[in-house]
Structures are given as structure tokens and as C-alpha cells.
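Notes to accompany the following structure.
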Ligand code: AMP
Ligand code: ZN
């Protein structure tokens with residue numbers, strides 16, 4: 001049963017917040033463009049996948065049965081410079097002296113490890129482009145037969161002008177005008193082959209040296225990038241499905257091309273709600289591999305990087321990301337991470353406090369009101385920053401109950417527990433137990449070192465006792481000797 005709700009989602013296609021009404025009652029089909037697995041995912045990529053993880057989690061939390069498809073781009077015509085020989089997979093395989101499919105395997109494993117670390121749920125289907133070559137060829141053939149694509153020298157291109165002449169409106173998602181596009185497109189790819197610079201590849205002819213290649217009616221070649229998402233989304237979700245997501249930068253040309261391919265072949269829109277997540281910047285600059293302003297997710301967790309003064313727990317990173325709305329740009333910096341860590345620790349402390357509260361006969365707190373606010377925040381286009389603000393109202397409430405300024409009945413306490421666990425663990429996906437467990441372990445290790453230092457002092461081994469204190473201090477752990485013994489602070 002889906003909880004009665006007034007969920008509104010921002011639809012990039014209309015630019016409006018719309019009431020969410022799935023096509024098939026309680027079932028939701030959601031497709032999110034996955035990673036291109038030719039290198040390690042960076043923290044910016046993680047933000048986008050985390051935004052859709054939060055959306056997936058909330059839909060499930062409301063009771064929807066969600067089929068969540070997120071693909072792996074392990075082939076496809078992707079270059080940085082338009083040169084067909086600089087296909088990213090082939091280029092990387094030459095660089096690392098590995099087979100292209102070894103590159104794919106290596107970075108797919110890395111991708112999964114990283115997302116697991118940040119507590120993202122796996123999609124329900126994770127199809128690959130290489131597993132759907134036949135379907136991509138079939139769609140290219142269909143588009144040729146319908147007059148929306150043409151073949152030149154073993155490559156097949158989508159004919160944007162033919163599509164537009166049928167009144168199908170190329171550019172509707174990114175609000176681009178075809179004349180402007182024709183005048184401003186400087187795409188080196190397919191020069192001399194394309195009828196029009198805005199036309200895009202559905203299939204590319206492979207030169208004899210090109211290693212990633214498949215047989216097709218047009219000779220050996222490989223698929224265009226946009227084709228795979230149309231094929232995989234419609235294969236698993238039908239030719240009209242609820243949600244299609246990805247980063248803002250995919251709106252054009254990728255998603256625009258997906259719409260054109262689907263509408264060209266079926267005559268109607270493929271997606272009810274298009275959703276786009278905004279970018280991550282670091283120290284005010286867009287995170288991207290090409291500019292060097294990027295950090296690998298694990299480097300933030302281990303502290304091995306030049307941008308942050310310390311390591312941060314994956315849950316703190318997750319909390320930091322969700323403190324921004326998914327459609328806003330989020331800038332991370334050392335100060336922002338430290339502030340998030342503080343806030344996160346307050347939340348974790350409050351959850352611990354909640355466990356030790358003794359109920360009273362009457363309540364002076366309004367749990368129904370809190371519940372309304374938590375749902376309302378998420379129903380308003382997944383507004384996690386407002387949700388978190390209300391969770392901090394709950395933190396204040398919990399602390400007031402602990403200090404006996406407020407009272408709570410057993411029934412209300414149960415409700416509060418359900419709400420806090422539901423929204424913190426299930427919806428936001430914060431693994432507060434893991435933080436407790438690892439910080440408990442760290443506490444144990446520091447206490448053990450203090451005992452060793454005490455023994456060293458008894459043995460008058462001042463070199464060892466100083467070494468323990470200094471090395472802990474270098475790690476940011478300060479020891480303080482007092483009448484009660486030695487205490488420590490982080
Ligand atoms: P890619 O592997 O390059 O196709 O990117 C995977 C996903 O990460 C796409 O949805 C991109 O839009 C998204 N992405 C790339 N750079 C950033 C960034 N700096 N911040 C947030 N998302 C990003
Ligand atoms: Zn895609």
C-alpha cells in the first residue's frame with residue numbers, strides 16, 4: 001500500500017513542479033544514466049547517483065514498488081575530441097595496456113565498491129551497453145526505415161532535420177532552437193558524412209584498428225552513446241515510463257537525443273517526468289577530471305588528498321551532500337565538511353539519547369506535527385535540506401525530553417523512534433550505526449595506547465611515552481593528563 005501523499009516532482013521537460021502520478025498506480029519505473037566505466041568515478045559523479053538513490057529510497061519508503069534501472073556504459077561512441085580513434089575505452093586500454101573489457105571490469109568493480117561505501121542501494125536492473133548491441137542495431141534499422149536516419153560509409157546518423165520537419169520538436173527538453181543549433185554546432189565527429197552538424201551517430205563504422213567492434217548490417221562498427229539508453233530504458237520499463245534521471249550536463253545533447261530516438265520510433269514521448277540533478281563543485285569550481293579540480297571519493301574517506309585537512313566518514317559525506325537540494329549546485333570545501341561533521345554528530349548523539357528516554361504518562365510534545373513536516377519536506381520535490389532542518393527540531397525536542405523540560409508518552413516515543421529511524425536511516429540512507437561502531441573501535445585503540453603510555457612512564461621510558469603522545473597529537477588526538485588520569489579529545 002502506498003502511503004497517501006502529495007508528492008510533487010520538478011519535471012525538467014515542463015519546468016514545473018508536478019503532482020507525481022505514476023503511469024501504473026503503485027508501480028514506478030525509473031531509469032538513471034549510469035557511469036562510463038573507463039576511469040574511476042569522481043566525487044561529482046557520486047553526488048548525482050546519491051541524489052537518485054535518495055529519490056529511489058523515498059519512493060520505496062512511501063510504499064511504491066520501484067523498478068530502478070541504471071545502466072553501465074561499457075561501449076559507445078564517446079570521445080573527448082570528436083576523433084573516432086580516440087574512443088575513451090580504446091584510449092584508456094592503450095594507456096593501461098589492458099583489453100578494453102578489462103578496463104570496463106576494473107572500473108565497474110571500483111564503481112560498485114564506491115557506491116556501497118556511501119550506502120547507495122543497488123538498482124534493481126543494471127544492464128550494459130555491450131549486452132544490448134542487437135537491440136541497438138534493430139532500433140537504428142527501424143529509424144532508417146521510418147526516414148529518421150541514414151547510412152553513410154558504414155555509419156548511421158539520426159536525421160534531425162527530417163525529425164523536425166515532422167513537427168516532433170528537437171530541442172524541447174533543453175529549450176534549444178534548431179536553427180541556432182545548426183549555426184552553432186562545431187562537431188568534428190562525422191565531418192563530411194553528416195547531412196547536418198546537429199545530426200548524431202546511432203552507429204559508427206569501425207576502422208580496421210578499432211578493437212571494440214560488432215557485426216552489423218552496415219559492416220563492423222560500434223553503437224552511438226545515446227542509443228543505448230533509449231534501448232535499455234524502454235526494454236525494461238516500456239516505451240512510456242515514469243522517471244528518467246541523470247546529471248544536468250546530460251540534458252543536452254544526451255537526453256535530447258534519447259527523446260528524438262524514442263519519439264522518432266514510437267511517435268510519442270518516452271518519459272513522464274524528466275529529472276536532473278545538479279553539479280558538485282569544490283572550492284567554487286566545477287568538479288571535473290579534465291581541470292584537475294577533482295577528488296576520488298575514497299580519498300575523502302581516507303584523508304589522502306590535498307584539499308581537506310582530515311578524513312571524513314562516508315556517512316558524513318552523505319549527510320553533507322543531502323544538506324543541499326538535489327537541484328542546487330553544491331560546493332564542498334574543508335569548512336563545509338567540518339560543519340557537516342558537527343551537525344551529523346549532533347544527530348547521531350540525539351539518536352543515542354532517544355534510546356535512553358523513559359516515557360511518562362502525558363506528552364507535552366507534538367509528534368503528529370513533526371511527522372507532517374517531515375513528509376511535507378520530502379513531498380516538496382525531495383527537499384532534503386528542509387527535511388534535515390526538521391530533523392534538527394526533533395534533535396532539540398529529544399534533548400529537552402532528556403533534560404525533563406518536556407515529557408513524552410510511550411506511544412509517542414514509539415512514533416518518534418519510527419520517524420527518526422525511517423527518515424534518517426531509510427530515506428537519507430545514513431548509516432549511523434557504522435559511525436558509532438567505528439568511533440567506538442577508535443576510542444578503544446586510543447585507550448589502549450594511553451595504557452601503554454602509562455606503563456612506559458612507570459618504566460621511565462620517556463622516549464616511548466612522548467612518542468605515543470606526539471604521534472597521537474599529529475593525528476589530531478590530544479591527550480590531557482589530570483588528577484583523574486589521562487583523557488583525550490579529537
Ligand atoms: P559519466 O560517467 O561522465 O557519464 O557521468 C556519470 C554521471 O555523473 C552523469 O549523470 C553526470 O551528469 C554526473 N556528473 C559528472 N560530473 C559531475 C559533477 N561535477 N557533479 C555532479 N554530477 C556530475
Ligand atoms: Zn543515458
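Each residue's number is its place along the chain shown, starting with 1.
Using the three backbone atoms N, Cα and C, a Cβ is placed for every residue, glycine included.
Note that TrEMBL annotation is computational and uncurated.
According to TrEMBL, the feature Zn(2+) binding site maps to 33, 229, 254, 258. Annotation source TrEMBL lists motif ''HIGH' region' at 35-45. Residues annotated as motif ''KMSKS' region' in TrEMBL: 286-290. Annotation comment: TrEMBL describes 289 as ATP binding site. Here TrEMBL flags 373-439 as domain 'Cysteinyl-tRNA synthetase class Ia DALR'.
If you take the C-beta of residue 33 (Zn(2+) binding site) and look for same-chain residues 6 or more apart in sequence within under 8 angstroms, you find 70, 71, 73, 229, 245, 246, 247, 250, 254. Among residues of the same chain six or more beyond the motif ''KMSKS' region' (286-290), those with a C-beta under 8 A of the stretch's C-beta atoms are 39, 42-44, 80, 279-280. Among the binding-site residues listed (229, 254, 289), none has a CB atom closer than 6 Å to any atom of ligand 1. Secondary structure at residue 258 (Zn(2+) binding site), taken from DSSP and collapsed to helix, strand or coil, is helix. Around the Cβ of residue 258 (Zn(2+) binding site), the same chain contributes 226, 229, 230, 233, 244, 270, each under 8 angstroms and 6 or more positions distant in sequence. In this structure, of the binding-site residues 229, 254, 289, the smallest number of CB atoms within 10 A of the CB marks 289. Taken together, the residues in the motif ''KMSKS' region' (286-290) have a mean pLDDT of 82 on the 0 to 100 scale.
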